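Straight from TrEMBL, the features:
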DOMAIN    A:6-194  domain 'Glutamine amidotransferase'
ACT_SITE  A:Cys76  active site, nucleophile
ACT_SITE  A:His178  active site
ACT_SITE  A:Glu180  active site
Amino acid sequence: MIGIINYGAGNIFSLTAALERLKIPYGMIHSPEDIDGYDRYIIPGVGHAGAAMHKLNETGLVPVIRNLTKPVLGICVGMQLLTSFSEEGNSQLTGIVPINTLHFSGKIKLKVPHTGWNNITIEKRTSLFDGIDDGTYFYFVHSYFIEFNPEFTLASAGYEIRFSAAIQKGFFYGVQFHPEKSGEAGEHILKNFSLLAT
Amino acid sequence: MVCKRIIPCLDVKDGRTVKGVNFVDLRDAGDPVELAWQYSRQGADELVFLDITATHERRKTMVELVKAVARQVNIPFTIGGGINELADADILLNAGADKISINSAAVRNPELINQLADAFGKQFVVVAVDTKAAGERNLVHLNGGRVATHLETAAWIKEAEERGAGEILLTSMDHDGTKSGFDNVLLKQINDHISIPLIASGGAGNTQHFIDVFQQSDADAALAASVFHYGEILIPELKQLLKNNHINVRI
């Protein structure tokens with residue numbers, strides 16, 4: 001069963017609807033007392049990374065999350081929270097994956113936010129991308145991106161510059177796109193996550 | 001590379017999908033939830049639901065419809081109509097909407113754009129603009145084109161961007177319902193002028209119009225309603241044609 005870290009940042013309804021369509025059971029985690037009894041976790045999130053980090057800190061869950069030894073999937077801002085720092089509000093984040101979240105503005109000429117379907121390049125094959133072809137399209141909407149890193153980037157996408165579409169460090173995974181909004185390919189990622197070895 | 005998006009728009013009244021020719025004669029084209037699901041299966045990139053009577057009748061938005069769509073549809077969707085304050089948007093976000101679209105409410109209270117962007121992030125905020133030519137100028141119109149304002153369209157869109165709009169949905173009221181093609185000249189002029197995504201709307205009648213709008217205006221997305229609802233254009237065929245014309249689309 002998946003525990004969803006529910007710290008009040010964004011649209012959980014779409015995520016839970018996707019899990020229900022896939023018949024993947026889930027529960028809600030609001031505080032450290034709720035953390036037990038799950039075999040994997042999702043950290044959702046949209047909006048301002050600094051504000052999201054502030055909310056996550058208020059739940060008291062950050063030290064608990066850092067010590068998890070079961071698969072964790074951060075989605076969009078939930079993924080960015082896994083990194084060390086975001087240029088959004090110059091915010092210190094959890095630092096679980098020692099890379100940074102940067103602003104597109106000033107670095108590219110294309111429009112910001114990066115909105116729409118973009119194809120990914122799989123940099124490292126892991127079970128999270130089982131059955132997903134290189135070049136598959138996913139739905140992105142974000143103004144800040146996680147820098148490409150040869151050690152932690154699982155999949156990249158290009159928007160004038162290459163950035164991390166998916167990252168991994170140990171049990172911690174993150175996807176910048178929204179699997180719950182990325183059609184069948186996105187649902188496939190959620191299914192794969194629910195089947196990752198624990 | 002990010003794709004050009006094809007967006008069916010479902011105009012909704014009393015829980016049913018409708019499309020007005022120039023927003024006047026309404027024809028019933030079915031159940032919005034089922035239509036939405038069908039479009040997602042066909043390869044639509046995104047959906048927009050507009051409650052076309054909401055502003056006029058001050059009707060609050062369709063929370064149950066949003067929830068029903070979010071339960072069944074696995075692509076992003078935007079909801080517009082009757083969103084006048086933060087609380088309206090908050091309810092829709094929690095019901096599963098990915099974005100909200102504001103039109104008249106933003107003109108009446110431009111600060112609403114800032115408030116929504118600050119509260120939910122600019123990616124959540126689509127500012128819809130209905131424009132109509134008035135002599136040499138293009139003016140913003142309200143209430144489905146019924147009411148002219150003094151706002152010049154390009155200036156208002158720039159202001160909306162500066163206030164925190166994440167995307168602009170621009171409908172040419174001169175083209176809407178005519179099936180004579182998008183207003184590519186105006187769309188290009190606006191697109192060159194802003195640095196947030198632009199959705200082109202109004203005038204789609206055949207597949208060539210979609211090729212034209214992407215090639216001539218470079219808009220990020222093209223929106224249409226009746227040509228999709230009545231099966232005059234099938235999305236898989238449209239996307240293949242766009243791809244054959246070297247327009248990057250998701251297939």
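Glycine is treated like the rest: Cβ placed from N, Cα and C.
In the three-state DSSP reading, A:Glu180 (active site) counts as helix. Of all Cβ atoms in the protein chains displayed, 25 besides its own lie within 10 Å of the Cβ of A:His178 (active site). Note on the domain 'Glutamine amidotransferase' (A:6-194): mean pLDDT across this stretch is 95.
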